[in-house]
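If you look up TrEMBL, you'll see D115, D320 marked as active site. What TrEMBL records for 97-437 is domain 'Peptidase A1'.
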Amino acid sequence: MASLSLFIFVTLAILVILFVNPTFSTSRRALEHKKVQTGFRVTLKHVDSGKNLTKFERIQRGMKRGQLRLQRLSAATTASSDAAQVEAPIHAGTGEFLMNLAIGTPPESFSAILDTGSDLIWTQCKPCTQCYDQPTPIFDPKKSSSFSKLSCNSQLCSALPASTCASDGCEYIYQYGDYSVTQGILASETFTFGDKVSIPNVGFGCGSDNEGDGFSQGSGLVGLGRGPLSLVSQLEEPKFSYCLTSIDDSKTSSLFLGSLASVNSTQKKSITTTTLTKNPSQPSFYYLSLEGISVGGTRLDIDKSTFEVQDDGSGGLIIDSGTTLTYIDGHAFDALKKEFIAQTKLPVDTSGSSGLDLCFTSPSDTSDVEVPKLIFHFNGGDLDLPAENYVVIDSSSGLLCLALGSSGNSGMSIFGNIQQQNYLVIHDLAKETLSFIPKQCDEL
């Protein structure tokens, strides 16, 4: 009888927990639901999409933007080694791809610049002290039921490179390499991506004072850097990948976040994986472990330390979706250029009309033209690029050009998006690795 009474008591207690106070069961389901929702896909559109441009013209336009971005990135590392010269740490800013998303409840759609060279997610907010013209209406936080300001003692506020504590919460200032700047209140909101996937409590900058060139392509910026403020770091599974279509392709590219960025077993046979290294003075950037470069069958005589991060924070090779061409250290590029000329049986163009560092006079029929292989030797594997990822032909001018350039004496090298096209590029922040898998990105 005593055991029966105990059984009835335990049963009633469980029923009370489940029905009278269902917090335990529903919170667990909510947590599981949120975890599922952190895997999603977003369409990316190139900033020159929809314009009547040839592949060569797109590369030239991207090259001009890329040179400015190279200056910004170089300024970022220079500023980090001499922080006293600037009021706030400097980040990359701008980019080559736009992503569509929505903010708030109810959701308001806007397009933002995708930037793997910075962390902060931000959009312009009302009321504006200084705002630029943007393609969509400026976000009004008063009209969203899910908007919330973050306190000064929040983790994300502590992660800001420069902030002040005001009466209404955590105020931020975020500066970019061309001295463009966004300032405002750090807040949290519900963001909606891709196929209506909503992620609550995403920390972002609600910018009321936003000044500078390059922002007007979108209504804000989504940082995908390695720091805690970035979108990928705020997800439960800190991993993302993208697949960029050819620069002359009218089709869109794709960004995969969280669980959808993973690699299945059938893809692992053709994968090239290298370690991500760190630069304490620039923790947002994705530095790669490049050990050398080969042109054809010749390994270039480049000191291994050329692509290593130096003690003062300079140097290193970063991978960047927002820079069109690959730029390598000046001495390394001179060696590459010399070897490429020696192995390419075409006359060198000396007019400089293309703006690229190395061009050849191309015959009208390019079907028989052979160009040497270009291989990047990473710690962990070699990346043997297809010719279309480093050579561009312009039939109108009769030029065949190398889609790489010199970064001069800046010491920094950048692995650009032309070299990444038609690869699934996987950034795994937990394992600190980066992987390349050959893909036909317009078929994903």
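Heads up, the Cβ atoms here are built off N, Cα and C, so glycines get one too.
Note: TrEMBL annotation is automatic and uncurated.
Small disclaimer: the values here were computed from a predicted structure and weren't measured.
If you draw a 10 Å sphere around the CB of D320 (active site), it holds 26 other CB atoms from the protein chains shown. Rounded to a whole number, the distance between the Cα atoms of D320 (active site) and D115 (active site) is 8 Å.
Over all protein chains present, the Cβ of D115 (active site) has 28 other Cβ atoms lying within 10 Å. When pLDDT is averaged over the domain 'Peptidase A1' (97-437), the result is 92.
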